[in-house]
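Trainee: Copying in the features that Swiss-Prot gives for the protein in this structure:
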{"type": "BINDING", "residues": "Asp37, Asn38, Val39, Tyr40, Asp41, Ser86, Met87, Glu116, Arg139, Glu173, Lys288, Lys312", "note": "NAD(+) binding site"}
{"type": "ACT_SITE", "residues": "Lys118", "note": "active site, N6-AMP-lysine intermediate"}
{"type": "BINDING", "residues": "Cys406, Cys409, Cys424, Cys429", "note": "Zn(2+) binding site"}
{"type": "DOMAIN", "residues": "591-668", "note": "domain 'BRCT'"}
Amino acid sequence: MAKITLDEAKKEAASLRTKLDEWADAYYSKDAPEVEDNVYDQSYNRLLELEKAFPEIVTPDSITQRVGGEIDSDFTKVNHPIPMLSMGDVFSKDELKEFDQRMQKLVGHPVEYNVELKIDGLSLSLEYQDGKLVRASTRGNGYIGEDVTANARYIADIPQVLPEPLTIEVRGECYMGKEAFAKLNQEREDEGLSVFANPRNAAAGSLRQLDPKVTKKRQLSTFIYTWVNPPREITSQHQAIERMHELGFHTNETGRKLANLDEVFDFIDEYTAKRNSLTYGIDGIVLKVDDLSLEQQLGNTVKVPRWEIAYKFPPEEQETIVRDIVWTVGRTGVVTPTAVMDPVQLAGTTVARASLHNPDYLNEKGVRIGDTVKLHKAGDIIPEISEVVLSKRPADSVPYEIPTTCPSCGQKLVHLEDEVALRCINPSCPAQVEEGIIHFASRPAMNIAGLGPKIVKQLIAKDLVHNVADLYHLTEDDLAQLDHFKEKSINNLLTAIDNSKKNSVELLITGLGIDHVGAKAARLIAQKFKNLEKIMSLGVQDIASIDTIGMTTAESMTTYFAQPEAQKLIEELRESGLNMDYLGADEPEEAPDNPFKDKTVVLTGKLEHYTRSEFTKKLQALGAKVTGSVSHKTDYVIYGKDAGSKYNKAEQLGVPLLTEEEAIAQIE
């Protein structure tokens, strides 16, 4: 590491922790990664490097000192008496040699390993009593996970009853196969929903569903690889896996016991070549000391077991030539460039296009038509240009010129302040109209069954609709003009359109596609102000007064409703008979005055008088907002026994600390 002062190390480490916390929250808790794995890994390893060089800068809440992400408050919490720790990562064979040397030094002799494929999914614990499945839970933060038993019962390869009346806990990986992932994303795209970035996030989003029927539809699978506290007769990893397979668990047939590191390297080479032909995603291999007694001897660090390591595959790259750069217009008018390239085989699929995101990104990469570029798949799924091979750039190459007019309607593009994107601000732009209608009809919005992208394209091409209000004037004769649209389809679509008139107003607000106003914000605003006429008259501060609604959302909403075009559209929808009122449950009665009303509270440690869920509900009934992490916005931290990093962070930030008993005394 280059020379660096203590102050410089503190500053860089603090910046890295902030970024890594945000990325980890997006990955673990929201199932929506914001950066590629290798970017996260590089930043994480840099933080480790700094903390190793300057131990005094390590903080209790550093991501290097904990496992996984925050716990979702919608699920019942599950304690893991034996923590579900994450694994250390290495990225080269030299680092694996160092791991092997470390193992031999610690145990005093050569070590045999059990190797497994590193499945790209999420960790899952299964508990059985007398042979019956009684609980399934996620890893969560390693010590407390989420109860997903109801959902796990819909995963076909999880045994509900074992052939023997055993009381055991096993652990493994829940994943989504490549075929199921492709099918799910195609369905979501057809319905106008955002697609999942990779199978891991699709699996996590599918398992962590409040509605088990959604999980059932998603075709999840498992590989089980750990028996927690196995019986004495089981003395090795490979023996435990064989026995779990006999009990009916789905284990990975590729795992094997290997005598030395040379055999491990052969295994890595074999599956580096085979990975794209597998029916499920892998991102490396896992190396475990096979002898369970040695595992006990080696133990764990605070964060990872000493006896296992994950070797991560490097991203696969291919070279290809950029033949064109095309621009497409989205629902909100954002114009996005895409590189069109000579097709290449990459990570198991043919790739011919890659997003260039925005003009700044395009200029930063320096991509030109005719350039040879290196291409990889972010998360093994999303094609992305890594770099331009400048040594192969044609002699007559010229810099690419960013367009100034919309590719759909020809009007001038604008660059709004504080945005990197180019926008078309013509509300009649055909491309925006098409995307807007697709969004309006999608499941999170008006949920008009049968009105997918292909039908919308035809309606616009045949000049039958120009905005969402026109949908409510469609007739049987209009729909009969569409290709392959018969009487049954016509009747079904007209019925679905008519039924959508009865939707609660928050679905209409969502369907309008207002920038920064998603389904959750729309519901909160509708719940508070009850009808669209009232909402359209609100000022920025009125909307921003709602907890969790920020100024950006409030400003965007008031700006939208101030436009004459928007007001005209709402009036047309009203005249067509659309409901303009909130039909959902009323807001809970206002809580009486108490010390926790309108306060942000964090619970930590083991509570004795209430379960975590019970105390959370009690505080929420008193008007408190209960969150999972401590920050400057936290008003109180209530702690029980064995309180950990949240307690320490509260002390650092000066957040008031209350014991469970002190908190109860203030509310009872």
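Just so you know, glycine gets a Cβ as well, placed from its N, Cα and C.
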Trainee: Taking every residue in the domain 'BRCT' (591-668), what is their average pLDDT?
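Mentor: The predicted confidence over the domain 'BRCT' (591-668), as a mean pLDDT, is 81.
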Trainee: Near the Cβ of Cys409 (Zn(2+) binding site), how many other Cβ atoms are there if near means within 10 Å?
Mentor: 15
Trainee: Starting from each candidate's C-beta and looking 10 angstroms out, tell me which of the recorded positions Lys118, Arg139 has the most other C-beta atoms.
Mentor: Arg139
Trainee: With a radius of 8 angstroms around the mean position of the C-beta atoms of Cys406, Cys409, Cys424, Cys429, what other residues of the same chain does the Zn(2+) site pick up?
Mentor: Val329, Gly333, Pro407, Ser408, Gly410, Gln411, Leu413, Asn426, Pro430, Ala431, Gln432
Trainee: Would you kindly give the Cα-Cα distance separating Lys118 (active site, N6-AMP-lysine intermediate) and Arg139 (NAD(+) binding site), rounded to the nearest Å?
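Mentor: Just about 16 Å between their Cα atoms.
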Trainee: Say you check the Cα of Met87 (NAD(+) binding site) against those of the recorded positions Lys118, Cys406, Cys409; which is nearest?
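Mentor: Minimum Cα distance from Met87 (NAD(+) binding site) across Lys118, Cys406, Cys409 lands on Lys118.
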Trainee: Round to the nearest Å and give the CA-to-CA distance linking Cys424 (Zn(2+) binding site) with the residue listed as 'active site, N6-AMP-lysine intermediate'.
Mentor: 44
Trainee: Since the record lists Met87, Lys288, Cys424, Cys429 as binding-site residues, which of them has the fewest other Cβ atoms within 10 Å of its Cβ?
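Mentor: Per-residue Cβ counts within 10 Å for the binding-site residues Met87, Lys288, Cys424, Cys429 bottom out at Met87.
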Trainee: Measuring Cα to Cα, how many Å separate Cys429 (Zn(2+) binding site) from Lys288 (NAD(+) binding site)?
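Mentor: So the alpha carbons of Cys429 (Zn(2+) binding site) and Lys288 (NAD(+) binding site) sit roughly 58 Å from each other.
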Trainee: Can you tell which of the binding-site residues Lys288, Cys406, Cys409 lies nearest to the residue listed as 'active site, N6-AMP-lysine intermediate' in space, using Cα positions?
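Mentor: Of all the candidates listed, Lys288 is nearest in space.
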Trainee: Using Cβ-Cβ distances, find the residues under 8 Å from Cys406 (Zn(2+) binding site) that belong to the same chain and are at least 6 apart in sequence, listing them in sequence order.
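Mentor: Sequence-distant Cβ neighbours: Val329, Val335, Lys412, Leu413, Cys424, Asn426, Cys429, Ala431.
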Trainee: What is the interatomic distance between the Cα atoms of Lys288 (NAD(+) binding site) and Cys409 (Zn(2+) binding site), given in whole Å?
Mentor: 59
